Amino acid sequence: MIHTDLCIIGAGPVGLFAVFEAGLLKMRCHLIDALPQVGGQLSEIYPQKPIYDIPGYPEVNAQDLVDNLMEQAKPFSPTFTLGERVDHLDKQEDGSFIVSTSDKTKVHAKVIIIAGGLGCFEPRKPVVENLGLFEGKGITYMVKNPETFRDKKVILAGGGDSALDWTIFLSKVAKRVTLVHRNETFRGAPDSAAKVFDLANQGKIDLILSANLKEVSGNGVLDTVTFLDKSKAEIKIETDYLIPLFGLSPKLGPIADWGLSIDKNAIEVDTRDYSTGVDRIYAIGDINTYPGKLKLILCGFHEAAIMMHSAFKYVYPDQKLSFKYTTVNGVNSF
Ligand SMILES: Cc1cc2nc3c(=O)[nH]c(=O)nc-3n(C[C@H](O)[C@H](O)[C@H](O)COP(=O)(O)OP(=O)(O)OC[C@H]3O[C@@H](n4cnc5c(N)ncnc54)[C@H](O)[C@@H]3O)c2cc1C
């Protein structure tokens, strides 16, 4: 049994920053993540993508941000269980919890912080015969390392932010990028869509609209992808890679069974302290919802700071917490 003050479920950017905020208040954290590495969506989906809306960083590479968050958390010696999904929360008589994972790890904690992002996510796959034959052999659902695609022919399929962002990014890396989308307009950010249309007009990428994925083929590895245009004519494209980016299916997984109030796959919270309505359980980052919620990293950071001040009373019931700037107390490691 691992004993800790706070058990943080999810080691994405928000869970990692929560360690720092907890540490300032002398609360220890143990983090559990179903993925084999920390960083959540940033490390798993877009490690090499630049991010432009982290305060103080005009531009930061997603993996660098994760590395910096780990560095920032280091003085407070967080401990980790990675590659294991949290399945159960069992409330104890004194109000604390025992958390159990898919691999039977048990953590005893005074407070639970759910920073589970999109939940245990899986990519939405197109319904096409033989897709599975080429997974890992030309078909991938995530861009982990853009260098994989250097000087390769790449087809991206999709109309959301991921498809647009990666089309823009890979247009500078790959030999040729083709973006295929089933509609005439994109769901993703208008700025990104405008950039994609510009790239197509300049001949830097191929853009195929109103087309649907029909077939994938190759001899052991993917070499041809067939689309159907709106007149049902076939478009065959030779390629090294196909990256279908149709989003992640929002699977809350076990979190949905913990008696919390759920709205559209997110946990409803009280914005005064991001508590869930179940005593000693908080939810921060992409996993929570409230009027006006924005699924942005910086919003999760704010929620972590507020939430820790509320959780303090469960860890130190006999102490009064007075707010101080970090310059007063410093960052005292433990
Ligand atoms: C392509 C793309 C581009 C983006 N660009 C930006 C941007 O430029 N700026 C910005 O601010 N935001 C951006 N975002 C959104 C940003 O990534 C999220 O807001 C952020 O990742 C949320 O952080 P989080 O820590 O709440 O959750 P996540 O990063 O989703 O991490 C949650 C972690 O919880 C784990 N988990 C869930 N359930 C369990 C369980 N039961 N047991 C164990 N582990 C569990 C998951 O495995 C995951 O690792 C982008 C998102 C995408 C997809």
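Positions of Cβ are set from backbone N, Cα and C atoms, glycine also.
Curation does not apply to TrEMBL; its annotations are automatic.
Here is what TrEMBL records for this protein:
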BINDING   Asp33, Gln41, Tyr46, Val86, Phe121, Asp286, Thr327  FAD binding site
DOMAIN    5-291  domain 'FAD/NAD(P)-binding'
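Projection of TrEMBL feature records onto the structure.
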residue	record	Cβ contacts under 8 Å, 6 or more apart
Asp33	FAD binding site	Ile9, Gly10, Ala11, Gly12, Gly15, Gly40, Phe80, Thr81, Leu82, Gly83, Glu84
Gln41	FAD binding site	Gly12, Gly117, Leu118, Asp286
Tyr46	FAD binding site	Ala62, Val143, Ser162, Asp165, Trp166
Val86	FAD binding site	Ile9, Ile32, Ala34, Val99, Ser100, Thr101, Ser102, Pro254, Ile255
Thr327	FAD binding site	none
Under 6 Å from ligand 1 by C-beta, which of these binding-site residues make it: Asp33, Phe121, Thr327? Sequence order, please.
Asp33
On average, what pLDDT score does this prediction assign to the domain 'FAD/NAD(P)-binding' (5-291)?
94
Three-state secondary structure of Phe121 (FAD binding site) from DSSP?
coil
Could you tally the C-beta atoms, other than its own, that fall within 10 angstroms of the C-beta of Phe121 (FAD binding site)?
21
